[in-house]
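See below for the structure under consideration.
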């Protein structure tokens, strides 16, 4: 943020020296992101200082389903202050429509949607362009399946591979954790007794091979589910759908529902009669390795209901990738992790396995709180920063109460209490930062060095400088009212998808210095989240490209001044002071 403030300050002085306003500093959307196409290939030339969001690029077959894309360029990770880690393109983005997974009637009319921002803070509204595509040759269609050899040799797709390996490793670790839940670990001896049941006792090598066959059978069953969910997610485009507040709320509620079994509120399980029939099918197989593999596939169904909550969370994640291959590989890695105790038992016997105990309940409860955390993470995108940070603090404190050891009889319990104490201190600091009106997940106690007091904190928590409306008619009435002698007027252009807007809300607008101008100046905020034709017309009329943007009116129907991008606090206050002189 300090560098962004420095650039904005320098840019402001350059603008004044050139006797121009800040709108000259930004390019129109069609110049910042120049889209070209050839047959079914799309390419964006991105101007320096701008970037495109990968997840907000979509190609629609008219108003129908989203078409799958094969990317030729690799996205870069960007740490967004409001939405976390996102994937963006700089300089160039190129993709082919995957005709191996989609059918088009050529010439095909498609709608291309995309959205990007400027590094200086300006966020453009979502852009929609209608294109007519022509049919490529058979060779070109086959080449969309994978990047070219030249790309592979130059490492253009290496970042994606690295992310895939990281995802697979994460799912493997998750699988190991799931294998330690109370409903899975006690079943290991029973399952292995079915696998190794025979007239003679198997050797250690035979026992390991049987366990391996069992785990691979289970993994293949889960992989099939992952492939289906990946395909299902691609067709429904769940990742784009989760931008809707309604869908975000539904998904958050689903994660809460999935967390409840982790706390014993209710159980998700198959009827015992069905379990017995499935077990008999696996145990009656004549070939030992084949029988073990069949039993592994069957147990994927038998055991899954016991771990449905975390498993469903994994499936929901896979559905957002829209990739059948990734879906299959991630669930394969997950099930391999779940099979680690089986492989250990097959290789060395029960002495290698951890003993059952209360700590397994702790693992189960931890998974429950992780699911509740995912639910809160989804819903925080619809909430003010104070409420968001406060919720994280409450969730951490409740988790601390849940895991707090009652005695310190063992070293493990002493370590557990130390961890719980640290989490409790962090959760308490989050609550304090929210109540002080300076919510922060990174530096929750930073407000202590700012010299604030409780009165100011309460003012920041409850007061908002701008009155928000999505109706351009209300804005026009306010412009006319100030022309007829009313208070000066400041209009802020806002949208939910604008990451910089939310940062300005807390760091610039809702501060005691700015709030002191209420009553002297009218503050209205035009919410263009819906990006309606009326919103687009208003932006065009005032030569604005998107949020965040500010218009300053003082006795005329045309703004006396304007600013696009992240405005520094001192510049904003200076302009307010100049309006009331």
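Glycine residues also receive a Cβ, built from the backbone N, Cα and C atoms like all the rest.
Curation does not apply to TrEMBL; its annotations are automatic.
TrEMBL annotations:
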{"type": "SIGNAL", "residues": "1-24", "note": "signal peptide"}
{"type": "TRANSMEM", "residues": "164-195", "note": "transmembrane segment"}
{"type": "TRANSMEM", "residues": "207-234", "note": "transmembrane segment"}
{"type": "TRANSMEM", "residues": "246-268", "note": "transmembrane segment"}
{"type": "TRANSMEM", "residues": "289-318", "note": "transmembrane segment"}
{"type": "TRANSMEM", "residues": "324-347", "note": "transmembrane segment"}
{"type": "TRANSMEM", "residues": "359-379", "note": "transmembrane segment"}
{"type": "TRANSMEM", "residues": "385-404", "note": "transmembrane segment"}
{"type": "TRANSMEM", "residues": "416-438", "note": "transmembrane segment"}
{"type": "DOMAIN", "residues": "432-581", "note": "domain 'Thioredoxin'"}
Taking only the residues in the domain 'Thioredoxin' (432-581), give me the average pLDDT of this model. 84
By a Cβ-Cβ criterion of under 8 Å, what residues six or more beyond either terminus of the transmembrane segment (385-404) are in contact with it? 362, 365-366, 369, 372-373, 376, 416-417, 419-421, 423-424, 426-431, 433-435, 437, 439-441, 444, 461, 502, 505-506
Reported in the order helix, strand, coil, what are the DSSP residue counts of the domain 'Thioredoxin' (432-581)? 64 helix, 26 strand, 60 coil
